[in-house]
Structures are given as C-alpha cells and as structure tokens.
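J.: Input: one structure, supplied below.
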Amino acid sequence: MHCLFSSQNQFGIDRQPMGTYLVLFVSMNLMAVFGDREHKVIIVGLDNAGKTTILYQFLTKEAVHTSPTIGSNVEEISVRKTRFLVWDVGGQESLRASWNSYYCNTEIVILVVDSTDRERLTLNKDELHRMLEHEDLQNAAILVLANKQDMKDSMTVAEISQCLTLSSITAHSWHVQACCALTGEGLPASLDWMRSRVLAS
C-alpha cells in the first residue's frame, strides 16, 4: 500500500535554600495535570466508511461487529503513555450537521474515507473543507484514513489525496494513510503519527 504525507514540559525547578520542596511539589503536580492530559480526537466520515470498526481496532486490535452509529461512541486510547479521548461520530446525512458540536478542543480530526466509494468522494471533499473553515478546528491536525484498501476496486492514496485536494490545505498539518479496518493494517502507523503530532504541538 502507498502512503503519502505532508507537513507537518518540561518544568524546571529552581533550587533555592527555602521552598525547594514546595517547588518540587508544584512541579510534580503540574506534570500530572499537563504532562499526562488526554488529547481529544474526533473520527468523522460518511456512513459505512468504517469509522466505528477503526475506533475499536485502535482500542482492542480486533475487528468487532458494529452497527450504524446514532450519535457517537467515545473511548480512551493510550499510545505509549500518550492518552487520546477519541469520539466516533455518526456519518449519516441527518447527523453530519451535528459534527460541529464535537469540534471544541479537538486536536486531531480523523476523516475516514471508503476507498471503494468513488461516487461520494466529492462529498467527502466538501465535508472536509467545510470542517476546516470552522474556528474551533483552526489548530487541529488532519488524518485521512483511506479505508478498505483490501478491496480490489479501491482507489489509491494518491487518487484520494488528489480528489480531496489535500495539497491545497496549508493552514493545517495533515497526513493520509492507507488502511484496512478489518485487519488493522495501517492503523499502528496512524497512531504513531497522532502521537508525534500532539507531542510536537
């Protein structure tokens, strides 16, 4: 499979004769609050793209039976001590208008694309660029997961990147990853990218 990508506390202690232990106590608590905080991620995409299957592959490394999401699912996922709170949001047409209610404090947007669904790729593009115009996502990184790469008629990552006009996105870090939700192929690399993004920010 092909993979394309583009662009992208320490707390010091002043050792004074007085108050050393207070500084140490405060510093350790700041580390606990900020160094181990959860990073909010939302998974969006059209219906039947494989969003929920990917969420639970992230969590359990197994394919689980899912039904269409009405509303959202949320799980905490840990990647080498970096914690993500991941929201999987329903993708039916009637639910897409509610996506923006999940945007606040989001650090990474995962857009799951069905690589076999050529007819709706333009709709994926429209939804993506509409999201990027929202002020609550101005600092969010974008991860596009080109799902269903195990299917013979799937589009390549290059095709999907071109159709989504990802090269025109200059205000956000973005990455596109080929994957298969059923087998988990490509998903560990996606988690690695997510971790690298939040650690760099």
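Placement of Cβ uses the backbone N, Cα and C atoms for every residue, glycine included.
According to TrEMBL, the record shows the following:
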- GLY45, LEU46, ASP47, ASN48, ALA49, GLY50, LYS51, THR52, GLY91, ASN147, LYS148, GLN149, ASP150: GTP binding site (BINDING)
- THR52, THR69: Mg(2+) binding site (BINDING)
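Burial and contacts for the listed features, if you can.
T.: The secondary structure of ASP47 (GTP binding site), as reduced to three states from DSSP, is coil rather than helix or strand. Contacts of ASP47 (GTP binding site) defined by a Cβ separation under 8 A and a same-chain sequence distance of 6+ are given as PRO68, GLY90, GLY91, GLN92, GLU93, in order along the sequence.
In the three-state DSSP classification, THR69 (Mg(2+) binding site) falls within coil.
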J.: Whole-number Å distance between the CA of THR69 (Mg(2+) binding site) and the CA of LYS148 (GTP binding site)?
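T.: Cα to Cα, THR69 (Mg(2+) binding site) and LYS148 (GTP binding site) are separated by 19 Å.
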J.: Compile a sequence-ordered list of residues in the same chain as LYS51 (GTP binding site), six or more apart from it, whose Cβ lies below 8 A from its Cβ; state 'none' when nothing qualifies.
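T.: Within the chain, LYS51 (GTP binding site) has Cβ neighbours under 8 Å at ILE43, VAL44, GLY45, THR69, ASP88, VAL89, GLY91, VAL112.
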J.: How many other Cβ atoms sit within 10 Å of the Cβ of GLY45 (GTP binding site)?
T.: 25
